[in-house]
Amino acid sequence: MEWLIFSLLLLAVSASGQLCPKRCMCQNLSPSLAILCAKTGLLFVPTVIDRRTVELRLTENFITAVKRRDFANMTSLLHLTLSRNTISQIMPYTFADLKRLRALHLDSNRLSVITDDHFRGLTNLRHLILANNQLHNISPHAFDDFLGTLEDLDLSYNNLVDIPWDTIGRLTNVNTLNMDHNLIEHVPLGIFSNLHKLARLDMTSNKLKKIPPDPLFLRIPVYAKSKGSPLSSLVLSFGGNPLHCNCELLWLRRLTREDDLETCASPPDLTAKYFWTIPEEEFICDPPVITRKSPKTFAMEGQPTSLKCKANGDPDPDVHWISPEGRLIANTSRTLSFSNGSLEINITSLKDTGIFTCIASNAAGESTGTVELVVSPLPHLANSTNRIREPDPGPSDILTSAKSTSSVSNETRSQERKVVLAELSANSALIRWPSQQHFPGIRMYQIQYNSSVDDTLVYRMIPSTSFDFLVRDLVSGREYDLCVLAVYDDGVTSLTATRQVGCVTFVTETEFSQCQSLRSHFLGGTMIIIIGGIIVASVLVFIIILMIRYKVYSQHGADSGKGTAMTNVRSQTNGGQAAGQVPRSSSKIVEGQEASGGSLGGAANIKDSTALVLVTDSETAVQISEISSEDIVSPTQRHHPRTCIELKRRPSLSCKEGTSSDTQEDTASPQVSDEKKAQRDWSDFKI
């Protein structure tokens with residue numbers, strides 16, 4: 001009984017010691033442990049994995065990313081297979097604990113970039129399979145930890161245009177190198193010369209037009225198939241490339257090979273022909289011919305100029321330029337030579353006057369052409385006969401580095417030559433220097449400066465009448481070395497010489513202050529816009545209110561005009577019919593007269609005249625309402641009434657009461673003429 005209990009406990013301990021994920025197969029073949037999780041639908045690396053596992057296969061699942069904790073402390077793992085998943089992300093130092101790992105399979109995933117930290121810690125890796133991914137970039141230091149141990153590298157079926165060739169050239173232990181089915185266009189010369197153990201190189205189906213001869217290909221036999229080839233041979237596969245079959249591939253044509261799968265894509269007379277069936281004498285190159293070059297070129301001293309030289313040939317020739325002194329022109333801060341044959345001179349000097357020679361060369365030969373450059377001196381502002389020779393002309397090479405010219409003697413840094421920094425910001429600096437009156441015949445000043453992290457000099461030429469210069473487009477937070485040189489004529493040799501005025505070193509401000517300034521300007525402009533908007537809105541509201549009030553009063557006046565009675569009121573005295581006295585009226589009368597020829601006389605014109613009585617207040621409206629219909633005179637009997645002002649002239653008359661009939665007024669005939677005479681002095685009132 002005790003023995004049975006002990007056996008059960010032993011089985012339980014052994015079962016708990018071996019952790020096996022669900023739906024996976026775990027093989028415990030001592031002393032190794034293998035876990036196989038193929039086609040199990042995993043979305044991530046199982047967490048329940050024995051850390052003593054030697055072989056782990058997680059193929060054909062749906063894992064999208066791998067992290068460092070997935071393989072932490074698995075120091076015994078030798079073989080890791082993650083093929084045919086959907087891995088698109090590898091976290092840095094994911095495999096850092098796999099010190100003994102020998103084979104890593106990551107083929108058929110979705111990797112696009114390999115960085116420096118992806119394979120850190122794999123110091124014993126021998127097989128790295130990265131085929132069938134979407135790789136377009138591999139870091140130059142991605143394979144640094146296993147450069148001396150890697151034996152098999154597979155980069156096939158990716159999107160690689162360029163490969164870190166320097167890294168490939170240091171894989172001294174590599175045996176198989178597969179780079180087929182990519183977009184590689186160029187292979188550097190001699191890149192495989194140190195790969196002494198290389199047995200198979202596959203460059204099939206790329207965009208290679210030529211394969212440069214390599215010392216490795218000449219030392220050992222090269223074959224097209226691995227079957228039947230000696231152990232000390234190299235199997236080279238380069239079919240499916242658009243080969244340009246000229247003299248540059250003649251070395252490959254002379255190799256002993258059995259296959260005839262490669263064809264030529266160019267030149268036109270060899271297109272689609274089998275590479276190995278073309279005779280050697282047809283692998284020819286055309287020497288270069290210069291087809292176009294610049295004519296005689298004129299330039300002003302200190303100004304930029306450009307020289308052109310175009311050449312054709314097979315293969316495309318390389319163009320180099322030779323200066324009038326017979327020196328090869330290299331790319332500097334003053335001169336730039338381009339692959340298309342152009343030569344750019346940023347600052348011309350009188351010493352550049354002469355004949356420049358362009359040399360076009362390729363594998364078939366070379367061709368030369370000449371271009372004459374004439375540099376005209378700047379106009380003299382003073383009489384050259386009065387110039388004297390400067391005892392210390394200083395360096396005459398305008399390409400002198402700013403840092404080297406800054407280490408001059410203390411004499412040249414005297415107070416009168418000192419360059420000062422007047423203003424400084426994050427992206428600009430204002431420098432000033434005193435007038436150089438002791439320099440005779442100064443043509444211009446040359447400013448040259450560079451950053452502390454960049455040795456490339458920047459040149460600026462300014463007139464001799466200027467004593468300050470604003471340097472723009474600087475980088476914030478950088479240290480700059482700046483020197484001012486005076487360009488003048490040597491009175492004896494008539495050559496252009498330069499002498500240093502002074503140098504200064506400064507550090508530009510950080511971008512923070514500029515951001516604050518921009519922010520304050522931005523806030524100030526915003527406040528101005530807001531205040532202006534408020535003023536404009538207030539004016540618009542005021543105009544709208546005036547328009548509304550005008551419209552309301554206009555409608556009110558129109559309605560009042562429609563309701564106004566058109567009548568002619570005639571006032572009479574209170575019982576004084578014979579005298580023709582008219583009582584005072586409190587209403588305001590607007591009387592309009594129509595006269596012929598501007599005359600107010602005539603009975604007919606007086607009878608035809610009309611008057612408008614406008615009622616403007618409630619009191620007047622009440623008085624008009626009390627007038628009876630008999631008081632309103634017909635147009636044929638209308639007479640001009642007298643106003644209270646006229647009646648007040650007569651003390652015997654009163655204008656307080658004024659209602660009488662037309663018959664009473666007619667009886668006062670003796671006074672009619674007097675009344676008509678007085679009516680001429682009446683005035684109109686418009687309300």
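For all residues, glycine too, the Cβ spot is worked out from N, Cα and C.
Looking at C245, C247, C358, the record from Swiss-Prot puts C309 in a disulfide bond with C358. Of the residues N28, N383, Swiss-Prot records the annotation N-linked glycosylation site for N383. For the repeat 'LRR 5' (149-170), same-chain residues at least 6 beyond its ends with a Cβ under 8 Å from one of its own Cβ atoms are 107, 123-136, 138-143, 176-188, 191-195, 202.
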